[in-house]
């Protein structure tokens, strides 16, 4: 309890040792304490402290001072500083004791004789070159504490300090022309640094306007009556043997701009306005141009009129001029600091300099066709402004109205192909030129022309050749002529000549009987040799003939069969059931081979459509079924040989039914199903089996598994005594096959076994001809209710048992003994 209070406060109830620490006391307060012992019966009497105890920390000597540092060294003095100890020992520090030791000696000697409380001291009167180390200790009312950690050995010599620089100016300085400015600051360093001023990396020299003042601690650069040329990047460098420091300032001496650069250019001159341009001032005064002020003046008057005072462009439209009057323009540049002297233009008369283009000369017409013609003209004088467009017009010679041939601009070409002319009509054409002022006069009309194609005889056909032959015919082929003479090719004339004869015979009498670039010449003699030639014919006449290069002997040509397989005749062809199977190949050979299709060396199914053309054959089976799969072969044969190709066709379908569905291990609530995979998997891997069950009394099948990959399934959750049918189907990626079903219902009951033997058989009464027997029920009933007990007896010594009777209860009286 506190000494000035009566109430006791418990400290702890669970102290088992003979000491305790009391916490939470207030420093400076006086307390009494009391202690009682306690056992299982209860608490004994308290023992109390005889006198009050005042709470305060015990006083000790202070800890060692901290952070003893050397601040300055000269050849005969050392300046030291330190921080107080972390703990003063419970009493205020009364003084510090500083000690030194000459390196090489053992003892420390006290430096300070007087009482010292400052934490900074300069030791003087030292000998240059001597090396000392120092330590300091703190004293309080108890005594002197531990000394601090020693300094590093310090040799007395003049110290070196790198330069420092403290500037009074910022990175940028803006000064008006004519004003003075100065750059000042302070610096230090040992030995005394050298101060250098630079402007744009060139040393600044003093003159009438430039003053440099440097003291041991301050520096200053001053410039009187500044000019634009004083702008630049100023740098001050402070340097001694230990290093250097630099300070920078970008000085911008600003003024009004110089005048805009002439001459004033008159870009456009019209009767009521002009457009002028100029160049910016060479010197913007150190500040960007914010504005140009433009004024105009009638050359015969003294009054300048404002045009605009709010533009930063170097071009301007001068409006509201009087036609025929002469004008001068003057232009000022303006920035934040003032307006420049003006730039004055020459005099310029307000009048239109430009006009529409002249009329072109009479145009020339060329390359006339039935629906188009090309108009050609020469460029006329442009009226002082560039031509931007030509306008071409047409009219029929008997009409009065001119019509534009196109809405699109025609430029820069000086010719144009006019489309959409009417065949047989007579036309004239004329041309006008246009610039930004307007459209000029049209040219004189051209000479009239009729819209029709010029026609000439065609050139000969190209590359005639014999491409096939038999014993009495030759097939010829060629390419159209390079030039059709601007007339449609009506057809071709084919002629032949027997080698040795002079006369050429016509194979066809008229050109329109051979409009294509091929012809079969028939009625030739087998074994003879013939020459051939072809002419192209248009409305203007026949071309020169083109000759087949070599004479041709007329006889049958033999080429062995050749098969070019299509993609659907690859080694294996997969087709989905129900889709159409198509097999095809290109066939070559002379004469054309005989074609036969087989499946597994037998005739193909009657449902297959087989088509044979002069270039190939195709087999097609619609609505394919699984049985349509197999090896199909195509054989082609002619007198020169034969060729056969085969393809395996797989018809992908749903699988067949699973086989051999068996039910075993029948219980009252489950049974075990097993089956074998289908004979036919439909050409695709079986992915799973679907198992279903049905109560014989219900019409509905219920799925009990649809994802089993195994060929067995435990059918659970059956109702005891209910009869069930089961069925299983296989699935692959093409669908679910047919189900296989159990042949007869399965009843959900546990299997029956004979009951166990009755227990504890003994007699309870005996007479001369009968015995009373009793027994207990057997341990197991075999899965069904016990219906009775069969009682048998045997005469002692006999081999046979004699049946007496079957009784329903657990007792029986055997009589007739």
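Placement of Cβ uses the backbone N, Cα and C atoms for every residue, glycine included.
As given in TrEMBL:
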DOMAIN    1-58  domain 'Fibronectin type-III'
DOMAIN    64-159  domain 'Fibronectin type-III'
DOMAIN    163-252  domain 'Ig-like'
DOMAIN    259-353  domain 'Fibronectin type-III'
DOMAIN    359-454  domain 'Fibronectin type-III'
DOMAIN    460-557  domain 'Fibronectin type-III'
DOMAIN    561-646  domain 'Ig-like'
DOMAIN    657-751  domain 'Fibronectin type-III'
DOMAIN    757-817  domain 'Fibronectin type-III'
Three-state composition of the domain 'Fibronectin type-III' (259-353), taking helix and strand from DSSP: 0 helix, 50 strand, 45 coil
Secondary structure content, the domain 'Ig-like' (561-646) (per DSSP, counts of residues): 6 helix, 53 strand, 27 coil
Secondary structure composition of the domain 'Fibronectin type-III' (657-751) [DSSP: H/G/I, E/B, coil]: 0 helix, 47 strand, 48 coil
Average pLDDT across the domain 'Fibronectin type-III' (657-751), rounded to a whole number: 92
DSSP-derived helix, strand and coil totals, residue by residue, for the domain 'Fibronectin type-III' (1-58): 0 helix, 16 strand, 42 coil
DSSP-assigned states of the domain 'Fibronectin type-III' (757-817) in counts, ordered helix, strand, coil: 0 helix, 29 strand, 32 coil
